[in-house]
Amino acid sequence: MHGGAGRIFKEREEGSRAGVVRAALRGYGILKQGGSALDAVEEAVQSMEDDPHFNAGCGSVLNEKGEVEMDAIIMDGKNLDSGAVSAVKCIANPIKLARLVMEKTKHMLLTDRGAHLFAQAMGIPETPGEKLITERCRERWKKNLEPDSNPEEFQKDLGTVGAVAIDSDGNVACATSTGGLSNKLIGRVGDTACIGSGGYADNRSGATSTTGHGESIMKVVLARLILYHMEQGMSPEMAADTALDYMKTRVGGLGGVIVVNNSGEWAARFSTKQMSWATVKDDQLHYGLYAGERYTKSVDEALISESEGF
């Protein structure tokens, strides 16, 4: 799991850590019961869409008109099937809609009104836009409207969410969901909904989910680039670092990634100041927020902490 790369303000650190840990434990619970990687990443991302600490679902940042517009993608490494939605409004869990696009249509990406009509056809309840807006996001939106504001400064405190997983059958999957950039133009779509940029999954190599400056990620097709490096024999960590370094030197973009290869090796890497992340493997939970930070505890211990409020 990742909860977004950037700068995480002090008062949100604990909530960001707790949110990724909670999501990782939920995804792992599905895998432990023999569930699919697809179900695990969808469940984990949904958990974070419901958590107002993150820029996805409830807690998404606002566009220039003060509305929430969200993007999401999910991908199955078994057959390269993928589903995505972009610029969707009034939906609590865009990742669920992305999965339905993948499984119930012949298309891979639905946007705006078309995605809305499809959601209605699928019986997904409409959530009033106001319910997705947090006070923090509304305050930030107002600040960014001031003449001397610097929206770029606030873009650093983002919280795109993502998950990757490998299941007992050796299938990999990825899922990514975001509210995008604060005060963005109406209809702006970033990397998240774009296959190969916001995420990619292929059983032959692995799966990755990205976060960071969307336009930079799209320029280098970051998710696919990482898997390409793994196909050339790099470890997940080296592939992630190499691709992030290329994005930084080539287009000046910063970001973060989570990666798992088809033998279960994983990495969580970022070129920003922080990225909240968590992973579970062999009943061990690992999580962190700063570069070089890595806490470890058993899943049983983590579940007890979780039930007591972390």
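Counting begins at 1 with the first residue displayed.
Cβ from N, Cα, C; glycine included.
The active site, nucleophile annotation in TrEMBL covers Thr160. What TrEMBL lists as substrate binding site is Arg188, Val189, Gly190, Asp191, Thr211, Gly212, His213, Gly214.
Counting in whole angstrom, Gly212 (substrate binding site) lies 8 from Thr160 (active site, nucleophile) by their C-alpha atoms.
Within 10 Å of the C-beta atom of Gly212 (substrate binding site) sit 27 other C-beta atoms, taking all shown protein chains into account.
Neighbour density for Thr160 (active site, nucleophile): within 10 A of its CB lie 33 other CB atoms from the protein chains shown. For the pair the residue listed as 'active site, nucleophile' and Gly214 (substrate binding site), the Cα-Cα distance reads 10 Å.
The most crowded of the binding-site residues listed here (Gly190, Gly214) is Gly214, judged by how many other CB atoms sit within 10 Å of its own CB. Each of the binding-site residues Arg188, His213 was scored by other CB atoms within 10 A of its CB, and the lowest score goes to Arg188.
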